[in-house]
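**Q** Annotations for this protein, taken from TrEMBL, read as follows:
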| type | residues | note |
| --- | --- | --- |
| REGION | 1-57 | region 'Disordered' |
| COMPBIAS | 17-43 | compositional bias 'Low complexity' |
| DOMAIN | 258-276 | domain 'NF-X1-type' |
| DOMAIN | 311-330 | domain 'NF-X1-type' |
| DOMAIN | 364-383 | domain 'NF-X1-type' |
| DOMAIN | 417-436 | domain 'NF-X1-type' |
| DOMAIN | 444-465 | domain 'NF-X1-type' |
| DOMAIN | 469-488 | domain 'NF-X1-type' |
| DOMAIN | 496-515 | domain 'NF-X1-type' |
| DOMAIN | 553-573 | domain 'NF-X1-type' |
Amino acid sequence: MEAPWRQGRGRGRARPGDGVAAARTGAAARPSAPRARGAASVAEMGTSTGGDSGECRILPSLVEPGWRLWELSSQKKFEEIKKANQAAAKKLVEDQFSSSSEDDDEDAEVKQGKILAKTFTIYTSQTDGDVSDLERTRQYMNEAFQSGAMTCLICIASVKRNQAVWSCCGCFCIFHLVCIQKWARDSLFLVSSPLTDDDFGKKDYPWPCPKCRFEYKRSETPNRYYCYCGKVENPIVDPWLVPHSCGQTCEREFKPPCGHKCLLLCHPGPCPPCPKMVTTTCHCKKAKAVPRRCSAKEWSCHLPCGRTLLCGQHACENPCHAGDCQPCPRVSKQRCICGRQTAERLCASPQWQCDQVCGKRLPCGNHTCELVCHAGPCGDCPRSGKRSCPCGKSKFTLPCTEDVPTCGDSCDKVLECGIHKCSQRCHRGPCEICRQEVEKQCRCGKHTKRMPCHKPYLCETKCTKIRDCQKHQCRRKCCSGNCPPCDQVCGRTLGCRNHKCPSGCHRGSCNPCPETVDVKCKCGKTVIKVPCGRERTIKPPKCRQLCSRPPTCHHPSQEKHYCHFGRCPPCRQSCQKTLACGHLCPVPCHDEALVRQTGLHQSAGPWEQPSEPAFIQTALPCPPCEVPVPV
């Protein structure tokens, strides 16, 4: 069955006659409701246009303008919100300009120059534009602007503008605040880890800077982010200031302190020299005062110093200098403190002490002073006044000629063991050794025994720990655990293969052999020194001496050649033996000619070694004379 609104020939159109009935039925069925002005006008206009047919139709030309107005207003609101969000995002990007590496504008260098000029303005006004003393500070500031120049050495990452940082006061290196805090905690943990729980926290152990190792106290661990000068906490990010700077005058004390403060704006790195002008004189105060820079106010006039030296007799002859004068270099005769001896000594040490005992009579009249060469009065007799007995419990007033008696009470002095007291009566001289029996523990802590207190207790247990050589056991009786170094000799063969290691037993490889070996030529006149072990691989030195071996042929002397190893070269002199015809043999010497042997056993293969050499050295007869003669 078709839906009611689908029944009919077209949408929004009723059949003739049905529309009136439907309208009437609907009007009777539902209560009257107020209609909007637009709707009423549309309905009225639709009814009037229906005419005789009785059709009720809403005209599209009247609905579309209202819809278009609502759509345009929504689009306008969307565009306004979009522009507002874009403006907010743009402002946020400008405020959170994070890193100096993002300064890639065309005028970045001009902008950087303006910021540096603004930072140096007050300083350069004091130096008449001279910026020669600002080079080191300028370098630190340029690094603050350059991309990647500021790097945290702990995490090896770039330091950005909007990140909390900390600067070392020793090397002025910049680190992330969280990185330096972790570094300080780890350093303090490593230092204090060997301590027990009772000792932990009692001593303020320092932590070092990762770069320059400058030490800071535990209380100096940074926990807040400050600008370079330390005035402002959490400085705002300003693109027209040096990164991490507050923009105020630095006002840190110059080093060394001169009473003035830094005039630059808050900046990284060290403060420049003081630019103030002061009127000052030279070191010796002889020259007229002149105006100079406070950082260079110390100057010398190069005139003789003239100040009286410590000897009180001579004046300083060095040029005008800073600090105290050097000791007097002259020599003079001076008496000792007691005045008995005189000797020539440097003026720089006028007081000296001889080795004679004073020997003056003391006020008591019974004793003499036993002090060695001294100044001033000898003082009272050490035996006068109230004196204590040997144990120190009783005091007596006796003449200096009488000895103090013992009091008869127990001595009660602490014995050498440091635990018990002397049980004897008051006595003169040292106390006896402690003889009380106590329960003693041996040095290694494995055994206990009851024995006299003064005797050490060492058990017979041998230590089984491996010594630092990692080869031998300690084997020391009753070892406390702190084993001494290995006392055995290493004895391993050195790399030279000639000697053994003479050092104590040790880890790792042995040191090279310290010995040297002489390598000589055949005659022994040319010698070179080589490290032990190299003599087997190094060639003998070239000798420039002539070979002195006797000739092996019939010649009285051999040809001249240098010293060599092995056989001498064959003789190349002419034979000169007298032939049967009376002529001399003109061919080269043939007393040691190499001749191949004949009739030798033929080897079956390369595995069979020959029993006799293939060539033998033998003397050949002279050949026939070839000198022509007349017939």
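Using N, Cα and C of the backbone, Cβ positions are placed for all residues, glycine too.
Since this is a predicted model, take the numbers as computed values, not measurements.
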**Q** For the domain 'NF-X1-type' (444-465) and the domain 'NF-X1-type' (417-436), does the number of C-beta pairs under 8 Å, pairs 6 or more apart in sequence, reach 3 or more?
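**A** Yes, these stretches are in contact.
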**Q** State the non-local partners of the domain 'NF-X1-type' (311-330) in its own chain: residues 6+ outside its ends, Cβ under 8 Å from one of its Cβ atoms.
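**A** Residues 282-284, 286-287, 298, 300-305, 346-350 contact the domain 'NF-X1-type' (311-330) from elsewhere in the chain.
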**Q** Would you mind splitting the domain 'NF-X1-type' (364-383) into helix, strand and coil residue counts from DSSP?
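**A** Final tally across the stretch: 0 helix, 2 strand, 18 coil.
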